[in-house]
Amino acid sequence: MLLFMEGVVIKSEFTSHCFSLTLAKYETSQKPIKGLVTSEKGELKPVAAAKVEQITAQLQTSSAGTKPFDSVERIKDGFIHFKREKYEKNPALYGELAKGQSPKFMVFACSDSRVCPSHVLDFQPGEAFMVRNVANLVPPYDQIKYAGVGAAVEYAVLHLKVSEIVVIGHSCCGGIKGLMSFNFEKPNSTDFIEDWVKLGLPAKAKVTSENGSVPFEVQCTYCEKEAVNVSLGNLLTYPFVRDGLVKKTLSLKGGYYDFVKGSFELWGLEFGLSPPLSVKDVATILHWKLY
């Protein structure tokens, strides 16, 4: 205990000594500067005083104009703008929507805040039934594990009678980057993300086997598009989706939005197989055609 206390005292004295030396050096270095800014009486010179007033005014203006983010105000202002500029200017549209919905599109898109399909594709209210999740993935048919997505697909196809299902990928996707980065042979480091993005493993395998020599960022771009194809293939495992394709009341399309370049790609699935169709057949019927 004595040694510990001595150590503290010695350290304290050393720190104090260093501080005194530093302060002395600072005061010495400031003497020429003080001569430029203040007079012999210690008063600010006119030029310096004016500059101080200018800086003070700028700081006060900056502080007054900076308000902390208020989520309630943001939501309130957003709704007021929507109601004034859209709702009240389109009474016929919203009157029809009050009676029900009959969208033509079902859209799978990423949860990424930069890629809202309503903005990117200018969808109007009632035009698209949407599901958004990490990496815009569609899982295969599973009544227990993926009941949430299954319910959305079933409702869209059998009850809303959509005629198009579009899966849209996008540039700089964090979910796909995770898919390409995670080591799935090790225990999960996340509670949900790794198990979810595993749905895209066939896309990762295809990209790494065919383009393993290109930079990682380029591989991610390829995987962003290939994962869309995997999701389209998974849609074929839903019986009511297959029925719609066979009857030609439904079509599947893949899309890719590049918000860096400001471009959008769209491709379709050519489907020409008669029922019955088994899950094993899915890999043999994917023929992609770029629009």
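The backbone N, Cα and C atoms fix where each Cβ goes, glycine too.
According to TrEMBL, the features are:
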{"type": "BINDING", "residues": "CYS110, ASP112, HIS170, CYS173", "note": "Zn(2+) binding site"}
Other CB atoms, at most 10 A from the CB of HIS170 (Zn(2+) binding site): 26
List of residues, in chain order, with Cβ under 8 A from that of ASP112 (Zn(2+) binding site) and at least 6 apart: HIS170, CYS173, GLY174
Cβ-based neighbourhood (8 Å from the centroid) of the Zn(2+) site, residues CYS110, ASP112, HIS170, CYS173 excluded: ALA109, SER111, ARG114, VAL115, ALA135, ASN136, GLY169, SER171, CYS172, GLY174, GLY175, ILE176, GLU224, TYR257
